[in-house]
Amino acid sequence: MKQALTPTGPDIFLDNVSFAYEKEPVLKEISLTFEPGRFYSILGPNGCGKTTLLDLLIGHMTPDKGRVFLRGKELAAWSRKKIARTIALVSQNYNINFPFTVEEVIMMGRHPWIPRFSQPDQKDMDRVKAVMARTGTDTFHDRKITALSGGERQRCVFARALCQDTPILFLDEAFSNMDISHTLRLLNLVKEEVSMQNRTVISVFHDINLASIWSDHLIFMKQGRVAACGPTDEVMNAAVIEEVFQVESHVAYNEYSRARQACFKAG
Amino acid sequence: MNWIQPCLTAGRTQILAGLFSILLLGLVVLSASLGYMKIEFFDVLKIILARLPGQAHLAEAVSQASQVVVMDVRLPRILTCAAVGGGLALSGVIFQGILLNPLADPYTLGVSAGAAFGACFAILLNLGAAFVSVPLFAFAGACLTLFFVIFLSYTGKNSAAVLSSNSLILSGIIVAAILSAGISFLKYTADEQVSIIIFWLMGSFASKTWLDVGVTLLSLVLGLLVSMVFARDLNLISLGERSAASLGVDTRKVTLMLLVTGSMLAAVSVSVSGIIGFVGLLVPHMVRLFTGPDNRRLIPVSLLAGALLLLGADTITRAVLPHEIPIGILTALIGGPVFCWIFKRGAIR
């Protein structure tokens, strides 16, 4: 993890990026900077381009216009393997049709670090064991992944991403199927990684209040553009929420959660 | 998946592979001793061993007729059959992994329909010596089909989703549907040759030569090499393209390589022996119950199991049954009910 401890400039930098699947642009002239050691959350209505943005940042797609830089080098010049050693992704899709055991699935996170014909060594095993203990997946380590519930499966995929030992972590609605206790447990774990290991986290969230508690920065997106972006305390307000989601809310600092929280009402 | 719990570890997989190898060698010799003309098991062994350098004296006591039957008639058929069985099973493993679907088989992408169309075409036009032209046309038909299917599914901007399982399966279904209409049309226009077409489509290992052995073994070895090199990548791809890409797999490149490999295996098999169903679907399934889904263990064991199974079936139809019935029909008649049983036990869903 030496890499993560030597931040030089921004981790990721988007320069005027536009992208369209077909004719209708999904992302329009987006410029953003992601600094190391921070927790970023991307919020916005369905279909506003959040997942597409993550796909561009990890190199699954290339922008039509503009450029993406990862650690100072243009993303197009990175090999898939190098990217996998730098960015881990917990994706929404965790449909698994083959009965791998939980341990096997989590060990797959070590893939970018294990040479082609090698078996995992002791260090890989130790890493997997440690991550399983921290994510609470060790209690069902020998079960078939196909026999688990959605939330349990999501935790396995989460653990796999942590095993990847990358300085940057993407969470694409990683908590959508988890109960609140596991959500909090994993969010605390991620936060710890951010502050202790100087990892950068970019997370797509639906829950504005959870995002506000854990994020250093919020990025609000609407119709393919960045609607608001900045430190959580500055952009977490009723005006922004109304503009992005067209809902009324009351936003105030909450003593208990030590963060600004939004309240909503019926009607 | 709850009826055979223990997944074998790496060490026990090696034992299983060793056991299957020994069984396969035994079955080859046994099968060569069975048939219209009975030959002693040990005589067969002697005939085969006599071919090793410096061992010619071993076969001196065995009759010339037996030697010819074993070396020129039975062994080519037996070895071709074993290689095709292994090839179909290996192809099945590859397709199930790429298509993220434990129900895929070597023919999912329409390779068999393409081969059948090519073969029908050659038979109908009565092109030259049927021994040469039919397999060649079948192979060409399979390759053209594959490239067209890849061309159809090679769209989309997301590099992790290009050649995605869904678009491949859909393209395969479309192309296969068109081709089977074409085959029906060829049959309709074939008149008296229709029986040749139907017989070819049902599959057979009768009158195979050492050339067939060479071609099928070569493709099998190549297929095994490629699939073992990418076995770990295939594990990741079988869990979804997007997550495989984020774990450092060049999904487009690896999928393409494996797709071509799996299809070539299927194409060679179909062009040598006609359409033999259920081996590619069933064998990886049954083996997965013992080795688990890790392709590094699944691939070698499936290959051996496929060879054993198809050779067993071919030996039954050739030497045990009173009349030889087409191997494609036999595998479907045996494989179908077994598949129903596995399905009902919930091992697939």
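Even glycines carry a Cβ here, placed using N, Cα and C.
Residues of the same chain lying 6 or more positions beyond the ends of the transmembrane segment (B:15-37) and with a Cβ under 8 Å from any Cβ of it are 8, 43-45, 48, 65-66, 69-70, 74-75, 78-79, 82, 290-291, 300-301, 304-305, 307-308, 311-312, 314-315, 318-320. The transmembrane segment annotation in TrEMBL covers B:15-37 (among others).
Per TrEMBL, the feature transmembrane segment maps to B:78-100 (among others).
For B:106-127 (among others), the entry in TrEMBL reads transmembrane segment.
The feature transmembrane segment is assigned by TrEMBL to B:134-156 (among others).
Taken from TrEMBL, the feature transmembrane segment covers B:168-188 (among others). Residues 98-99, 101, 104, 107-110, 112-114, 116-117, 120-121, 124, 145, 148-150, 152-153, 194, 197-198, 259 of the same chain sit 6 or more residues outside the transmembrane segment (B:168-188) yet have a Cβ under 8 Å from a Cβ within it.
Annotated transmembrane segment per TrEMBL: B:209-231 (among others), in sequence order.
The transmembrane segment annotation in TrEMBL covers B:256-283 (among others). Tertiary proximity for the transmembrane segment (B:256-283) is limited to same-chain residues at least six positions away from its ends with a CB under 8 Å from its CB atoms, namely 80-81, 84-85, 87-92, 94-95, 97-98, 103-107, 109, 111-112, 114-116, 118-119, 134-136, 138-139, 142-143, 146, 150, 163, 168, 200-205, 208, 212, 215-216, 219-220, 222-223, 226-227, 230, 234, 302, 305-306, 309-310, 326-328, 331-332, 334-336, 338-339, 342.
Summarising the annotation, TrEMBL assigns transmembrane segment to B:295-313 (among others). Beyond the transmembrane segment (B:295-313), the same-chain residues lying 6 or more positions past its ends with a Cβ under 8 Å from any Cβ of the stretch are 8, 10, 13, 16-17, 20-21, 23-24, 27-28, 31, 78, 81-90, 92-93, 97, 220, 224, 227-228, 231-232, 234-235, 238, 276, 279-280, 283-284, 286-288, 327, 330-331, 334.
The feature transmembrane segment is assigned by TrEMBL to B:325-343 (among others). Within the chain carrying the transmembrane segment (B:325-343), a Cβ under 8 angstroms from the stretch's Cβ atoms is held by residues 81, 199, 201-205, 273-279, 281-282, 285-286, 310, 313-314, 316-317, 349, all 6 or more beyond its ends.
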May I ask which of the stretches B:78-100, B:134-156, B:209-231 has the most CB pairs under 8 A with the transmembrane segment (B:106-127)?
-> B:134-156
